[in-house]
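Chemist: Quick one: the structure is below, and I'll ask about it shortly.
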């Protein structure tokens with residue numbers, strides 16, 4: 001629900017050319033608390049994986065670990081059976097940008113980099129976050145990509161504030177990625193989250209012109225830059241889920257669920 005203070009500000013921003021988000025995207029304090037508790041489980045799983053990832057582990061084992069922890073805490077993995085996705089987590093290795101499907105045939109090898117994307121439903125509230133993990137000894141080039149991608153996430157996150165443009169996120173991320181020799185995936189982006197797995201607004205991580213969507217207190221969305229070592233083009237695998245870099249180059253991604261607050265932002269998951 002929009003407060004009187006917010007409503008009094010909106011019209012002047014509309015006249016400046018901002019896109020005003022639908023009031024349904026503004027979460028109540030009770031809803032924010034529900035998302036926050038869901039996000040705590042997501043963050044705990046990501047921290048657990050920090051201790052568990054090792055060479056020789058299969059991505060199916062990662063999936064089981066995520067499912068078991070989620071279920072043990074009274075929650076449900078948001079990806080499981082979402083539009084037909086068959087597993088409880090996304091595991092994306094090396095040139096896989098996102099939506100990699102866990103399998104007992106996929107074994108982690110020394111030198112791999114893997115993004116693990118965890119999403120949780122608890123009492124009807126959704127959270128979504130991911131981290132990168134290094135498997136054994138990783139090349140300096142891969143380490144640098146992972147590091148710069150995390151820095152891109154932090155740069156984008158710092159743009160989140162009330163009455164800012166959501167386009168400011170991409171305006172901060174893409175120049176930094178480019179100056180480090182990398183590109184930003186354009187076909188995929190962040191999204192609203194909280195009462196559904198995917199809500200408005202869409203969050204681009206590359207530079208866009210125009211005012212864009214106005215960020216208002218109570219909005220919740222993900223920032224999740226996907227940064228490629230080569231070109232930004234991607235392609236879909238035959239499973240209709242796994243997305244890889246078109247040129248076979250490495251890709252990395254980090255993700256937070258973020259709430260816009262009265263004074264800035266709060267990271268709810270990550």
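Even glycines carry a Cβ here, placed using N, Cα and C.
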Chemist: Could you look at 128, 247 and say which one TrEMBL places alongside 117, 255 in the divalent metal cation 1 site?
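Modeler: Looking through 128, 247, the residue TrEMBL assigns to the divalent metal cation 1 site is 128.
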Chemist: Name the one residue among 99, 191, 202, 238 that TrEMBL lists for the same divalent metal cation 2 site as 128, 224, 255.
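Modeler: Site partner of 128, 224, 255 for divalent metal cation 2, according to TrEMBL: 191.
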Chemist: When the number of other CB atoms within 10 A of each residue's CB is tallied over all shown chains, which of the binding-site residues 117, 128, 224, 255 has the maximum?
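Modeler: Within the set of binding-site residues, the most crowded position is 128.
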Chemist: With the divalent metal cation 1 site defined by 117, 128, 255, which remaining residues of that chain have Cβ atoms positioned within 8 Å of the Cβ centroid?
Modeler: 90, 118, 119, 129, 130, 222, 224, 257, 269
Chemist: Between residue 191 (divalent metal cation 2 binding site) and residue 255 (divalent metal cation 1 binding site), find the distance joining the two CA atoms and give it rounded to the nearest Å.
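Modeler: Pair distance, Cα basis, whole Å: 11 Å.
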Chemist: Identify which of the binding-site residues 99, 191, 198 has its Cβ surrounded by the largest number of other Cβ atoms within 10 Å, counting every protein chain shown.
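Modeler: By the 10 Å Cβ neighbour count, 99 comes out on top.
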